[in-house]
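In what follows, a structure is listed as structure tokens, so that the remarks can point back to it.
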Amino acid sequence: MAAPWEDVLRNEAAVQEAARVAVDAALLAGVLMRTESEPNASDVVNYAPFTLFPSAVPSALFEQAYAVQQDFNLLVDAISQNKEFLERTLASTIKVDDFTARLFRIYMQVLEEGLAQSVFLGINRSDYMFDCGVDGTPALKQIEINTIAASFGGLTSRTAAVHGQVLKVLGKSKEASRILPNNPSKGLALGIAKAWELYGSTSAVVMFLVEEVQRNIFDQRCVENELWNRNIRVIRRRFRDVFEKGSLDDARRLYMDSQEVAVVYYREGYVPKNYDQQNWEARLLLERSRAVKCPDIATQLAGTKKVQQELSQPGTLEKLLPGSDEAVARIRATFAGLYSLDVGEEGDKIAAMAIADPDQFVLKPQREGGGNNLYGEELRQVLEKIRDSPERTSYILMDKIKPQPAMNYLLRAHSPLQVSECISELGIFGVYVRQGKEMVMNKAAGHLLRTKAIEHADGGVAAGVAVLDTPYLV
């Protein structure tokens, strides 16, 4: 998949000039992150890491990823409403994975009490790589679907303009004009605004639930500003604030500092380190409330790796999406090989297969946020250690996707400019809103391309491994 600027990659003077233009363009456009040394201060910021050139993406696979997103939205929503499926699928995992177990306990407690929430908002991002098969033909294969705190919809809305400027400076205006417009922050805000409207109180606020360390605040501000532009009030609070100041009235309306909260948009709460006992209590308070949670806890559970693996089993999709044969076929076409490590003869065989040939697989724990997966020798060592223990059921095994690398420059603050062999991952943002049983909104809301050097097996932008990119369709 050659891009039309291969010639420039070997022209050092042109690359140096393009990099200077690119960094200034990123700062001008607001492709920003706070610094590691001052993660909660906006008076010292730098550009978020990004590629110097857009990366070539096969247009047929790009279109396929967009075409299946509404199907994935419907699937995630169907899973979140299916107590029996979640109970059965996560039964082995919650015995050995404390984090998933605690989420599940809250889920069951809220169901037993009866849901106060009647409007449901999903913001997810389905991530793919382009697998080069034996014959070299690239195929779209899903890595995972993120159902909580799917990030970079804001910054990626601003990255395309930066790459367009770089191409113009390199005398490639025609190519620059072919870069697709992309504004996920607007699409995500439309979903939040719709949920806020259906909640039915014009004086209620949207609450962004945010982390203690907020390096990626500008990404969130892009979505936040879209809401302010619609005259929807936004507040930013942490779990700690909810524990100290959050309350429910008799109708289970949620109040923060005496302000009614219509929508809780989680940008926090997806990994175990986000929780101490107080934070778990705050999470329960939020889940019990009438406020629209994005995601509610059932939707967060729908995004677990164990659910992803179960979806690949024959007949599962058909049960979850009855009468939707075309949607099922579109979804299934994106699946890579996924294998259960549950205790029993089948799981024993799978574990032995991976130990014998670890380079063909990825071992995935039930975690979000990047940087958790195991590969190669490390995969083999961990599996050998836990192969006879129930602990192995807290992981799933997946075929390793093998994309075709391409050359690019990864621009990072205070790092030398050098060419790298890179691979990319495409994410499609999906937004849906359901009121009772009626689906009110279901759309693909934009895309995110992240690229990293091939020596890094795992990790996204927030983890400091991948960088922001823009697809150039070929």
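Each Cβ is built from the backbone N, Cα and C atoms, and glycine gets one as well.
Positions annotated as substrate binding site by TrEMBL: ARG125, 148-151, 214-216, GLN220, 267-270, ARG450, 461-462. ARG125 (substrate binding site) counts 26 other C-beta atoms within 10 Å of its own C-beta, drawing on all protein chains shown.
There are 18 other CB atoms within 10 A of the CB of GLU368 (Mg(2+) binding site), with all protein chains counted. According to TrEMBL, the Mg(2+) binding site annotation covers GLU144, ASN146, GLU368.
Around GLU144 (Mg(2+) binding site), the same-chain residues at least 6 positions away in sequence with a Cβ under 8 Å from its Cβ are SER126, ASP127, GLY303, LYS305, GLN308, LYS364. Feature annotation from TrEMBL assigns ATP binding site to GLU144, LYS305, 364-373, TYR375, 398-401, GLU425, LYS452, ASP458.
Residues or ranges marked as domain 'Glutathione synthase substrate-binding' in TrEMBL: 204-302.
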Counting every protein chain shown, other Cβ atoms within 10 Å of the Cβ of ALA149 (substrate binding site) number 26
For the binding-site residues ARG215, LYS400, LYS452, the one whose C-beta sees the most other C-beta atoms within 10 angstroms: LYS452
What is the nearest of the binding-site residues PRO365, GLU368, TYR375, LYS400, LYS452 to ARG125 (substrate binding site), using the Cα of each? GLU368
If one measures from the C-alpha of PRO365 (ATP binding site) to the C-alpha of ASN146 (Mg(2+) binding site), what distance in angstrom results, rounded to a whole number? 14
Looking only at C-alpha atoms, tell me how far ASN146 (Mg(2+) binding site) is from TYR375 (ATP binding site), rounded to the nearest Å. 21
Just to be sure I understand, if DSSP states are collapsed into helix, strand and coil, how many residues of the domain 'Glutathione synthase substrate-binding' (204-302) fall in each? 40 helix, 26 strand, 33 coil
The domain 'Glutathione synthase substrate-binding' (204-302): mean pLDDT? 97
Whole-number Å distance between the CA of ARG215 (substrate binding site) and the CA of TYR375 (ATP binding site)? 28
